[in-house]
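Below is one structure, written out as structure tokens; comments come after it.
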């Protein structure tokens, strides 16, 4: 009885994790019950005979959890059966022309050549990724048709019945999978990527409190619970195989919801790869939180402000990207947090150059500098991830996030933050300013009074040219020549802006 209870508990746990699994089980049962009627119903059995069992076998091996996986397997099986059946009939006819003595030898040679070549082709990466099951069925069907044809007089009738029953089983699977509570692999991949963003964002936003708060000050159980919560990022480390499988299945799926037929699934994999790189840095960072050799709190406090900002702003940027993915909008709000985290990096660099850590012991310095280095890596990776998400949004034709026109212009202000100065020739000086857009206060529901929301940011590069010839040229003309254009937030390097031509240039 104890084992029965354990099985029941396990069943409930599996069902609660994903209720779609229960629905999938009923769908498979429905498909099997339907194709079994070919065998039970006498008129159908008279037409197909024992070949009706091929429909049952097709349902068992083809029906998968998602629509893409089922459709991919169904198409692979149908095409492989059709091609192998035709080639098998051709091989049998060719061998039969040589007489009864040579016929079995030729059939054996044909089976050997086909099986050897097909098995070798299965090692090709592209074939293995999408068509491995089809090649396997091709080998099986060709061998069965060729061998059966040697003892069977009506080989065309045999091939026709097997192909028909396989098609019926495959079509039943595909139709039930699509029209009865469908599970889309593309939607699962989209949701998985957004969930991974949330997971990493949670760690980065909580890192400051965990790293700079003494463990002994709080409840031990509460601290352990928080640490277990932080370690949810480990699921991202092992997400590669799942993401690749979902992307492969998604390519087979027809257009559904907002996902087009040729949706940029490869770009999802590119973003996922960058997220895993970030997760590996976070894993290393987490090891310093739980390290036996802890840095004294007074040493940590010296760099607390910039380190907190770096992790917090990176986490906020990840959170904004997650929201952008979930809403399928192309929002540049995350770029503002990327700029803020880079600004914190510069503050940290200034602190380190000031010699604030001169009195720190070498071992403590190594540990602290490793933490700093990992956080800088995470900031840089966050910028790359943000760029990759913008590429995904552009390729997938996400909607651009527009500011509501109902907001009053009177309630908006503009903030500017300098990012980088450009050191050119000795005669030229360039200055770059990032305009972080309109900051609008709102009292709307779900947004506290005075909370600001930034909808866009623009970079403006100003070039001051002290060339005497220009001064002479415009000595009598007090006009200032201005060329303006809006620049995307992706530029954070002044030299890139000045070279791009899409800048505001003021020549004095």
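Placement of Cβ uses the backbone N, Cα and C atoms for every residue, glycine included.
From the options 21-40, 81-100, the stretch TrEMBL describes as transmembrane segment is 21-40. Listed ranges 52-71, 192-211; the one TrEMBL annotates as transmembrane segment is 52-71. Non-local neighbours of the transmembrane segment (131-151) in the same chain are 72-73, 75-77, 79-81, 83-85, 87-89, 91-92, 103-104, 107, 110-111, 114-115, 118-119, 121-122, 158-159, 162; each lies 6+ residues outside the stretch with a CB under 8 Å from one of its CB atoms. The transmembrane segment (163-185) shares the most Cβ pairs under 8 Å with 52-71, out of the stretches 21-40, 52-71, 105-124. Counting residues 6+ beyond its ends, the transmembrane segment (105-124) has Cβ neighbours under 8 Å at 87, 91-92, 94-95, 98, 132, 135-136, 138-139, 142-143, 146-147, 150 in the same chain.
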